[in-house]
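K.L.:
Sharing a structure, written as structure tokens. Questions coming.
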Amino acid sequence: MINIFLGAPGTGKGTVSYLLKKNCNYKHLSTGNIFRNITKRNTQIAKKVRDILKKGELVDDQLTFKVLLEDLEKYNLKKDNIILDGYPRNINQAEILLEYFNRHYKDLKISVINFKLPESVIIERLTNRLICPKCGKSYHKIFFELKPQKEWYCDDDGTKLIQREDDKIKSIKKRLEIYNKETKPLIKYFTNRDILINVDVNDSSEEVYKKVFEKCQN
């Protein structure tokens, strides 16, 4: 089963993905993490991506899909519960993905979970977010349940936490602008295909996790 997690930056997609992976053995594929670790891959596709990024150019939608597919094909798509976090980002990517599924997995169950959160809350969350640069796990300076056990260090691997450059206010507003222009149209796109489920995520991470888990099981 494929669960596509859709939502603006800071809506908690990564945190819920982590909990589903930890508690329910879901497989979590994050294109953000994949591209951040692309230097560690020794494949022709990874080499091509590195060459493009070195030139400061954008990776096109077809190549982005090929990068994702290298990880996706490691799993049994009909038996495993797989989360796609951060993909697709636009309608063209969605069409590439659904065309692949229709061609190779005609009876595959697909659901799209849309993480709904007001923009003001997103900005507050992101400006106080901390990230483990090694495993990608998210923490928060203010929310008690998301604070690390040891201040500024990852609970899982002990790596010192960082605030990402794109979690600063100017970058956040730019990211939200890009999301509204490129990714938000996917809400209508998936609604028209009757596979979109809206979830209000203005709640604690534990409550959001329970809501999303319930929707993924339906």
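Using the three backbone atoms N, Cα and C, a Cβ is placed for every residue, glycine included.
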K.L.:
Can you dig out which of the ranges 30-59, 150-179 TrEMBL describes as region 'NMP'?
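P.N.:
Going through 30-59, 150-179 one by one, TrEMBL gives region 'NMP' for 30-59.
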K.L.:
Compute all pairwise C-alpha distances among GLY10, THR11, GLY12, LYS13, GLY14, THR15, ARG129, SER138, TYR139, ASP203, the residues listed as binding ATP, and give the largest one in whole angstrom.
P.N.:
16
K.L.:
Reported as an integer number of Å, what is the Cα distance between CYS154 (Zn(2+) binding site) and GLY10 (ATP binding site)?
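P.N.:
Cα-Cα, rounded: 19 Å.
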K.L.:
Quick check: in three-state DSSP terms, what is THR31 (AMP binding site)?
P.N.:
helix
